[in-house]
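Quick look at what TrEMBL lists:
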| type | residues | note |
| --- | --- | --- |
| SIGNAL | 1-15 | signal peptide |
| DOMAIN | 48-149 | domain 'SRCR' |
| DISULFID | CYS74-CYS138 | disulfide bond |
| DISULFID | CYS87-CYS148 | disulfide bond |
| DISULFID | CYS118-CYS128 | disulfide bond |
| DOMAIN | 178-290 | domain 'SRCR' |
| DISULFID | CYS255-CYS265 | disulfide bond |
| DOMAIN | 314-413 | domain 'SRCR' |
| DISULFID | CYS383-CYS393 | disulfide bond |
| DOMAIN | 423-532 | domain 'SRCR' |
| DISULFID | CYS499-CYS509 | disulfide bond |
Amino acid sequence: NIFLWEIVLLELALSQYEHLGYPPGYPDPEQEQYTAPQLAADTPRIQLRLAGDKRKHNEGRVEVFYNGEWGTVCDDDFTIHAAQVVCRELGYLEAVSWSPSSKYGKGEGPIWFDNLHCTGKEKTLALCPSNGIGVSDCKHSEDVGVVCSDKRIPGFKFINTLPNHIENLDIQVEDVRIRAILSSYRKRIPVTEGYVEVKDGGKWKQICNAEWTQLNSRVICGMFGFPGERKYNARVYKMFARRRKPSYWDYSVNCTGNEAHLSSCKLGQATTLKPNETCAGGLPVVVSCVPGKAFAPTPMTGFRKAFRHEQPLVRLRGGAIVGEGRVEVLKNGEWGTICDDNWSLLSATVVCRELGFGTAKEALSGGRLGQGMGPVHMNEVECSGFEKSITECFFNKEALGCSHEEDAAVRCNVPAMGFQESLRLSGGRNPYEGRVEVLMERNGSLVWGTVCSEGWGTMEAMVVCRQLGLGFASNAFQETWYWPGEVSADNVVMSGVRCSGTEMSLSHCLHHGTHLSCPKGGGRNAAGVSCSETAPDLVLNPQVVEQTTYMEDRPMFMLQCAYEENCLSSNSGEVPANSYRRLLRFSSQIHNNGQSDFRPKASRHSWVWHDCHRHYHSMEVFTLYDMFSLNGTKVAEGHKASFCLEDSECDEGIEKRYECANFGEQGITVGCWDTYRHDIDCQWVDITDLKPGDYIFQIIINPNYEVPESDYSNNIMKCRCRYDGHRVWMYSCHNGGSLSTETEQTFPGLLNNQVTHR
């Protein structure tokens, strides 16, 4: 049947993009509406929860409440079908995965289920065939855990089958929100004050404030990306509640204050309504949250234009979007990482709040957001959740056995700024690429249009991908004729865009405003991007430079090749062939510490053959080598090195993928490094005309941002250099951003690589 084959082929074609999910703006597939399970009278009544050492709220050890006691489930015969039943019973759309052998820690109490054989369609775990409830030969080292999807079942309604044990149950609702009530807050973004409402059974309901505490407010504010809560004017809300009758949820809420999400809080007592349907406390719950500095509206300028960390002791590095990254702490003037042993949602939340975000959405381990450099400062971190800084938490100072492969990272809840509403990608083959279209005000109305591609590059593309929550830029395009966007949006509405790369929205970048100037026009010449969840991160090893530096006097007639490649000072052409050049030689070892391979932007057909080196060069400007005086003046000309990129060595267990020989593929694999030895041509700075004295030596990798990376601040390396006319000393070599600001300021020149080489 041809028709059936067409359907199968279409499904296969679509399935290749399934793992990408549906970014904002793409309609989700239709979901079925929830119907409450009708259970037979003899079905055991149970309640479930996810507990243990969680790294995000929608995962954990499966725990079952039965017969007045919490217990666990054994991993024998457990399958993804059983995980599906667990997740759906808890109100999640589906199961993502499951883990045996007490991954989330050993539970306590009885092991209620063993040898479960679920089909995945059961309405409750109690209906799956098993050895019988409470019949098990397992130990708690076999406790099973699950990871559920983020999405909740539409229309999900919590039904308490155990009314006498309410204080033991976790909160399960379809959704939660802060709804702005007062007109002064309705227009504000982000929404910081209003009613707390839960969606249960498809209807939004308020919560009675009879048993509400400040600790509950702290958790709600944290979920919505705010580090703290504050008092509000209760009188105004009393007047509002009198005018419009609230509709109350059946239960109160009981949080301890250190939960990362409402679903980890306990269910409070059932709400008692008075005859006139007001609750005992009389009012719906209101919260007022304090936004972090990056998200706080200021009277004059709206939002701060670029996001910079104000906190001097902790920072995030290598994350694609605001509020995520590898956690780095400052100790003894040097930045270092945290080892992931015992890394939890609780500790991650302390980091997030400290940096002006809300609670942690996820605590990541195993160097998931790239590996750091320098020392590992903290290990086995344990926080109560109320510390002002991660540096106040208990930790083991001995990080023995910890490598950067175990660097801890976080994803924080950040306020909904609505930035993705004013930007879209159009015409791409998948949701992660396309022509950039922005919503701008023109002649008093909002219109969609294109962005002028003149000067459009990696930094601008990075901001677009961040704004849409699509990760890092993988390419910036100055022509998009192959992506037919919306015809009605062909006109250019934004030109002269220049971003530093840290902005949260394209509108925060410098641009021409209403004075558009775009000779090329929009349409087929409009700016475009492709985004990727991962990116490489190149870092130079400063110790290798320090250990391999030496001087060589080389006769000019042996430098013909290097001269042709512009590797010598500009005045070297005026000297006789029998004269000498003094070369400062060194090795450079460039590691890829990111999450994806570093590949040159140029395709193979445009690589350049170099007779001197006997191989093709794939990047015309890959590094800059410069010598500066202590007042920041360049004194020895930067050598613009073009390079062949390959894997010289790799970490244990990683295979080399790239090599220069025989016109091979070029790049640097994650976990590998490319070594340029001191004895190859052009691996030097020509210091023939340098006077004796103290200098700063500087190397910048990927200086033109030709290839997108997750972190450009560590692409720079600086050393102190002393030259007495006969000998040279290289010392205090370090990467950009590895030292405290005070120490870094004693080094002149560029502080990091966040400047535009255009």
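Any Cβ shown, glycine's included, is placed from N, Cα and C.
Predicted automatically and left uncurated, TrEMBL annotations should be read as such.
Structure with TrEMBL features highlighted.
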{"residue": "CYS87", "record": "disulfide bond", "Cβ contacts under 8 Å, 6 or more apart": "LEU93, GLU94, ALA95, VAL146, CYS148, SER149"}
{"residue": "CYS118", "record": "disulfide bond", "Cβ contacts under 8 Å, 6 or more apart": "THR79, HIS81, ALA82, GLN84, VAL85, LEU125, CYS128, PRO129"}
{"residue": "CYS138", "record": "disulfide bond", "Cβ contacts under 8 Å, 6 or more apart": "CYS74, ASP75, ASP76, ILE111, ASP114"}
{"residue": "CYS255", "record": "disulfide bond", "Cβ contacts under 8 Å, 6 or more apart": "THR213, LEU215, ASN216, ARG218, VAL219, LEU262, CYS265, LYS266"}
{"residue": "CYS383", "record": "disulfide bond", "Cβ contacts under 8 Å, 6 or more apart": "SER344, LEU346, SER347, THR349, VAL350, ILE390, CYS393, PHE394"}
{"residue": "CYS499", "record": "disulfide bond", "Cβ contacts under 8 Å, 6 or more apart": "MET459, GLU460, MET462, VAL463, LEU506, CYS509, LEU510"}
### Task
Determine the mean pLDDT over the domain 'SRCR' (423-532), rounding to the nearest whole number.
90
### Task
Using all protein chains in view, find how many other C-beta atoms are within 10 Å of the C-beta of CYS509 (disulfide bond).
21
#### Entry: disulfide-bonded residues (CYS148, CYS393), the one with most neighbouring Cβ atoms at 10 Å
CYS148
### Task
Could you put numbers on the helix, strand and coil content of the domain 'SRCR' (314-413), residue by residue per DSSP?
16 helix, 38 strand, 46 coil
### CB contacts for CYS128 (disulfide bond) [other CB atoms within 10 A, all chains]
19
## Note on the structure
When each of the disulfide-bonded residues CYS74, CYS265 is scored by other CB atoms within 10 A, the minimum falls on CYS265
### Helix, strand and coil residues within the domain 'SRCR' (178-290) as assigned by DSSP
27 helix, 35 strand, 51 coil
### Task
For the domain 'SRCR' (423-532), give the DSSP counts of helix residues, strand residues and coil residues.
19 helix, 40 strand, 51 coil
### Message
Please list the DSSP helix, strand and coil residue counts for the domain 'SRCR' (48-149).
### Response
16 helix, 33 strand, 53 coil
